[in-house]
Amino acid sequence: MTTNYIFVTGGVVSSLGKGIAAASLAAILEARGLKVTMMKLDPYINVDPGTMSPTQHGEVFVTEDGAETDLDLGHYERFIRTKMTKRNNFTAGRVYADVLRKERRGDYLGATIQVIPHITNAIKDRVIAGSEGHDIAIVEVGGTVGDIESLPFMEAIRQLAIEVGREHAMFMHLTLVPYLAAAGEVKTKPTQHSVKELLSIGIQPDILVCRSDRMIPANERKKIALFCNVPEKAVISMKDVDSIYKIPQLIRSQGLDDLVCARFGINAPEADLSEWEQVIYEEANPTGEVTIGMVGKYTELPDAYKSVNEALKHAGLKNRLSVTIKYVDSQDVETKGTDVLNGLDAILVPGGFGDRGIEGKIRAAQYARENKIPYLGICLGMQVALIEYARNVAGMEGAHSTEFNKNTKYPVVGLITEWVDGEGNVEERSEKSDLGGTMRLGSQLCHLEKGTKAYELYGSATIHERHRHRYEVNNLLRPQIEKAGLKVSGLSADKKLVEVIENPAHPWFVAAQFHPEFTSTPRDGHPLFAGFVKAAGQFQRGELK
């Protein structure tokens, strides 16, 4: 099978939405019956985003095989059915590390290692390996054209397009077309300069996707086509919309997928976007609204919780409810008290690291438990719920996690030193292990106990969910907590690690060690989030019992 490549680049400014545009195109091509995959090439020197600050980079998305990747891979999985793996995202740091490792081994037989050809060849090899077995691979290059860091990647995709043949490669470039209110018109000059920069490194775009707050007028489209050397029909308007799930229809209406199929000589049926039409209908026609408080420490940047935000929206679609997320800094709960949690229909404590704001999260879990407010804890959100219950119900005064207090009398949460991964291999860690890539990562099997809330929600005794953590419930103290009434409803494959807890004395109090948000999609939702948002609606109406 010959794979066709669409290389996606961006210009003028960052954060234009390359990932959304690429994923939307992928969704349309998939709806035409094509086998599509996506890749993200990140020019930064970090080996992966696993140890990067969420306030700088946004969330770390975890794939089924345990790769810590860019949040754009979350967009990819939410738009298409293909599951991402460690092959679908790599960084300049990863490429350089691999090349240097080979040089130390002597694989290059004494050659002088250079960006061209060694780094560019390594990039091309990874792109080819990650796209095998697919009709179309959409490859997004991070950053903005002109960045020093992205030059090796730009050179690599330029070379690869020549090597596979231009009949099997396309370049799609996203640019900004700003509207100047004073002049009353959109300006095309930034796009012209961006394409000029791209041409200077040997890449002629085949498609221009123009980001603006409005549709690009016909005269301006003609002007862009003329000065940027692309057909007028290849100038695509991508205006601001109130939902990212409207983008597939927006670009389909302008024939972007037809351009791609014509270029690659693909004869495929028309795209069936009925599933996306249903998503848009559900989003536009809610029967009610709920407010969910997200208590975390990275609340100044919503992208730090991108998958959780989207999962809540998906759950809203399944319940025909509009979900408003109120971000609550956990430090505010510490300094201002639980009054900041008043008026919420449900409380969610997501994952996180570090002790800043930890007591605020614990108090939020206590507030939800005592006031019978629906509570969903994810990863650290499960651990704080357990700590709170141990302290205030089980009589274990000062109970804590060894992540935050190594000398606690009741270490109800501690470092995992050994576990079995998703492939059955035994993994071992210690406090001296590196931070990067040393967590329990990826999809793991979980056993759910029949008759529990978790089992009721999933409708199955076995599930697979993705993990990203290095601390777990201390089994030595577990019996004391369970005796006080807390229910362990989910266990790992070897039955040694606690995966799900719930409070039978509460109408809806569930917390999981895994990250269910990574598998939620707009078309299918996720049972845990769907049940949580449903409970929020019932709580608001006074029907939750």
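Cβ from N, Cα, C; glycine included.
Looking only at the region 'Amidoligase domain' (2-266), the predicted model's pLDDT averages out at 95. Summarising the annotation, Swiss-Prot assigns region 'Amidoligase domain' to 2-266 and lists sequence analysis as the type of evidence.
Long-range Cβ proximity for Gln192 (UTP binding site), meaning a same-chain Cβ under 8 A and a gap of 6 or more residues, is found for Ile224, Phe227, Cys228. According to Swiss-Prot, the CTP binding site annotation covers Ser14, Asp147, Ile148, Glu149, Lys187, Thr188, Lys189, Pro190, Thr191, Gln192, Lys223.
Around the Cβ of Lys189 (CTP binding site), the same chain contributes no residue under 8 angstroms that is 6 or more positions distant in sequence. For Ser14, Lys187, Thr188, Lys189, Pro190, Thr191, Gln192, Lys223, the entry in Swiss-Prot reads UTP binding site, with the evidence type sequence analysis.
Under the heading ATP binding site, Swiss-Prot lists Ser15, Leu16, Gly17, Lys18, Gly19, Ile20, Asp72, Lys239, Asp240, Val241. Cβ environment of Ser15 (ATP binding site): no same-chain residue six or more positions apart lies under 8 Å away.
Taken from Swiss-Prot, the feature Mg(2+) binding site applies to Asp72, Glu140. Note: Asp72 (ATP binding site) has non-local neighbours Lys18, Gly19, Ala23, Lys40, Phe61, Asn89, Glu140, i.e. same-chain residues 6+ apart with C-beta under 8 A of its own C-beta.
Per Swiss-Prot, the feature domain 'Glutamine amidotransferase type-1' maps to 291-542; the stated evidence is sequence analysis.
The annotation L-glutamine binding site is assigned in Swiss-Prot to Gly352, Leu380, Gly381, Met382, Gln383, Glu403, Arg470 on the grounds of sequence analysis. Spatially close to Met382 (L-glutamine binding site) yet at least six residues away along the chain are Val500, Ile501, Ala511, Ala512, Gln513, judged by Cβ distances under 8 angstroms.
Sequence annotations record features per position, and here Swiss-Prot assigns active site, nucleophile to Cys379 based on sequence analysis. Neighbours of Cys379 (active site, nucleophile), defined as other CB atoms within 10 A of its CB across all chains, total 23.
His515 (active site) falls outside any helix or strand according to DSSP and counts as coil. When other Cβ atoms within 10 Å of the Cβ of His515 (active site) are tallied across all protein chains shown, the result is 24. Under the heading active site, Swiss-Prot lists His515 (among others), citing sequence analysis as support.
According to Swiss-Prot, the feature active site maps to Glu517 (among others), an assignment based on sequence analysis.
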- Query: Max Cα distance spanning Ser14, Asp147, Ile148, Glu149, Lys187, Thr188, Lys189, Pro190, Thr191, Gln192, Lys223 (CTP binders), Å?
  - Reply: 31
- Task: Give the sequence-ordered set of same-chain residues, not counting Gly352, Leu380, Gly381, Met382, Gln383, Glu403, Arg470, with Cβ within 8 Å of the centre of the Cβ atoms defining the L-glutamine site.
- Result: Gly351, Phe353, Cys379, Val384, Ser401, Val413, His469, Tyr471
- Fill in the CA-CA distance, Lys187 (CTP binding site) to Gly352 (L-glutamine binding site), as an integer in Å. 42
- Message: Looking only at Ser15, Leu16, Gly17, Lys18, Gly19, Ile20, Asp72, Lys239, Asp240, Val241, which the record lists for ATP, tell me the maximum pairwise CA distance in angstrom.
- Response: 20
- Query: Given Leu380 (L-glutamine binding site) and Ser14 (CTP binding site), what distance in Å do their CA atoms have, once rounded to a whole number?
  - Reply: 32
- Using a 10 Å cut-off, grab the number of neighbouring Cβ atoms around the Cβ of Asp240 (ATP binding site), all chains included. 9
- Just name the most isolated of the binding-site residues Ile148, Leu380, going by other Cβ atoms within 10 Å of its Cβ. Ile148
- Query: Over the residue list Gly352, Leu380, Gly381, Met382, Gln383, Glu403, Arg470, recorded for L-glutamine, what is the maximum interresidue Cα distance in Å?
  - Reply: 14
